[in-house]
Amino acid sequence: MSSDVLTAGRSAVLRGRQRYLPVLVTAGLLVAMFTVGGLRYEAFASGQIVLNVFIDNAFLLVLAVGMTFVILTGGIDLSVGAVVALSTMVTATLMTDHGWSPLATVPLVLLIGSALGLAMGCVIHYFDIQPFIVTLAGMFLARGLCYVIGTDSIPITEETYTAVAQTQISLPGEMHLSVGVVIALAVVLFAAYMLHYTRLGRNVYAIGGSEQSALLMGLPVARTKIAVYTISGFCSALGGVLFSLYTLSGYGLNALGMELDAIAAVVIGGTLLTGGSGYLLGTVLGVLVLGLIQTIISFEGTLSPWWTRIFIGLLLFVFILLQRLISVRRS
Amino acid sequence: MDDAPAPILRMRGICKEFPGVRALSDVDFRLLPGEVHALMGENGAGKSTLIKVLTGVHAVDGGEITLDGAPVSFSGPLAAQQAGISTVYQEVNLCPNLSVAENILIGREPRRLGRIRWKEVRRRAAGLLARLELDVDVSAPLSSCSLAVQQMVAIARAVDVSARVLILDEPTSSLDAGEVEQLFRVMRRLKAEGIAILFVSHFLDQIYEIADRMTILRDGRLVGEYLTSELGQVELVGKMIGKELKDLETLENAPKDIAAAERSRPFAEARSLGRPGSVEPFTLTIHEGEVVGLAGLLGSGRTEIARLLFGADHATTGELSVGGTPVTLRTPRAATNHGIAFCSENRRAEGLIPDLSVRENIILALQAARGWARPIPRRTQDELVDKYIDALKIRPADPDRPVKNLSGGNQQKVLLARWLIVEPKLLILDEPTRGIDVGAKAEIQRLVVELSDGGMAVLFISAELEEVLRLSHKVGVLRDRRLVAELPNDDHLTTGVLMETIASGGRS
């Protein structure tokens, strides 16, 4: 009988690989999309196309990183799109209308975003309310605050800021990157390190696995849950800064529905909505898939941009079903 | 008694009251280093409450707890754990998505400059498991391990956190025999290292195999502390139930026409019917007009047999025939169609709908049997409901009163009425008299006799041996989820014999 126990341990190694399956599927999908695009359109199969996907989606990538933390604990954050809009508004109004320096503006914006996240995290944990409804309230709050600042689009003309926005970092092979991409990738690397090499990161996974167990195992559940929403708030604010670098303006209607794009990217990247399973690499791939869909549709030329939504919708269905199949097989 | 080493843990005069219930009154308990100490008692005797009081889940209302001679009072399981008292529950409280190594060490991972040293984590986890003589791949996710291994991982974690007092609350209830053996090996090792282990289990054999000493609770009171080697199983069962053997044997026993019951046609015949893990294969025949009693301690598989016969659980082995034809009962609905009715033990959760009226609760099963497309005419409803309110003396005799406003005994009668109006051929009664007053109890017993005289087969499950004996034509005895004996209720069968059979497991 003890040999049964032993074999269970061995076959576990094989089953452990199943954990990487969703990420592998997303990677495969990405390669397939790129191959199809390369065969179908001239000038598609170039490194710059991939880099452009990064450039156009740097802010989404940062949002999705924060969302990954939240979803790994089994929660959700609907406020991120609105916080992005609020951040662009605050950035634009402070620099354009009040003449603030970017060095003062950006830290303040990041602080506002983190504080909002912290507040929502506290409400979620201490009052034991579903994250869905708390962050929905946060979303209305942040979106409403945008209109308190102004109902029109505010252009950003501050010199240093525009200079940073227009900086192109050259790479070999006549390719280039924006500052936003570098920041986004740095965030990804730092977050990946946090998730896999720090206690905070491991506690995030533990809570996603079973919050009750995490509590009984003596892990700091309260601190971790609040930290996760604070991180998401910070990422949203940083995403807002990147968004304002990208568009050089602030507007209350920016990033409408972007929280859903971020959630879609995380899910397509293989993170289970129930929490506890997923990787940041998957999230990066998920963002790339979303970006590549947009690119392909713009290359196609005749399709309306709304087809992007249709494809994202279909992909989400497929990936949710995939998640379901994997979790059914596990249990 | 005083030549024993000084106890690590001592609880004196512990009292705990919940609204309306005195869960513990004046209970003493002590735990010595290097012993396995079994906490015994039937459900509701106060075992869980004692553990919860000890680990700080509940605050004590009276009495004191001392650890190493110093009084302690824990704010929760965490504080208890930090002081050296770890608990491993029946349900494994670990994270299935994390690796085995992480589950053992999470929160205490070895780090350098805040960076977790994964190699060191795996090395230490493997070392800990090796100490428990377990060879498990520590980087495998916990969800891929068997329940037994998960249990061991939980123990490894508990031992690593604090190696003083280990509480194992029914760790064996979902393990098979081999896995239990493995767990016991681990327990013996830990015991040899001087760890005090508090062990709770419903399985008497396991207690006698592993425990050095036992403390028996009954109705929230301390019965006594005994050395396992000095207390026989029969005495143990007697102390748990609260009846001395000699008292029981003098009880009167109404004569039964066993032969007549045996002569009638068999209604339900189970041949090697079983569901391993829930109840071992059993063979049982229930004749028309026969009352078959099931006796055994709580958790011995009584309810599980009932659920198999009612199709609430699926049998994985053996076969069942009803009225001479083999049947497969996939759902309770199928069982109802074959004339089998089941009054569940848990009338609040599984039977009655508290907000519906007495009338609605009574006609529920009949209406379900007819299908929703054919509502029962109001007049028929009234006739049926009045008839059974009258026959069963349901009080108050008001068909429109919500069932939740009735007393427990009357609720039980409503549940009975519901199944009686569908006129079943086999009625399964699981603990029909538990928690109801003496008068209602007697009425339900009388009713069982009347029904069986009228030709109905009854499977009667009760924790009260006297009751089983008074009503049954024959008694099936269960122990450790196995039907160990089937005894005809003749002049020789007494509660003493039943208790001995339960204690010995049918071996004589």
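Glycine residues also receive a Cβ, built from the backbone N, Cα and C atoms like all the rest.
Curation plays no part in TrEMBL annotations; they are all automatic predictions.
TrEMBL has this to say about the protein:
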TRANSMEM  A:20-39  transmembrane segment
TRANSMEM  A:51-72  transmembrane segment
TRANSMEM  A:78-96  transmembrane segment
TRANSMEM  A:108-127  transmembrane segment
TRANSMEM  A:175-195  transmembrane segment
TRANSMEM  A:226-246  transmembrane segment
TRANSMEM  A:280-300  transmembrane segment
TRANSMEM  A:306-326  transmembrane segment
Could you check whether the transmembrane segment (A:20-39) and the transmembrane segment (A:280-300) come into contact, where contact means at least 3 Cβ pairs under 8 Å with the two residues of each pair 6 or more apart in sequence? yes
Do at least three C-beta pairs under 8 angstroms join the transmembrane segment (A:226-246) to the transmembrane segment (A:280-300), pairs 6 or more apart in sequence? no
Residues of the same chain, at least six outside the transmembrane segment (A:51-72), with any C-beta under 8 angstroms of its C-beta? 80-81, 84, 131, 171, 175-178, 180-181, 183-185, 187-188, 191, 195, 204-205, 208, 228-229, 231-236, 238-240, 242-243, 246, 255, 258-259, 261-263, 265-267, 269, 271-273, 275-278, 280, 283-284, 286-288, 290-292, 294-295
When each of A:108-127, A:175-195, A:280-300 is checked against the transmembrane segment (A:78-96) for Cβ pairs under 8 Å, which one has the most? A:108-127
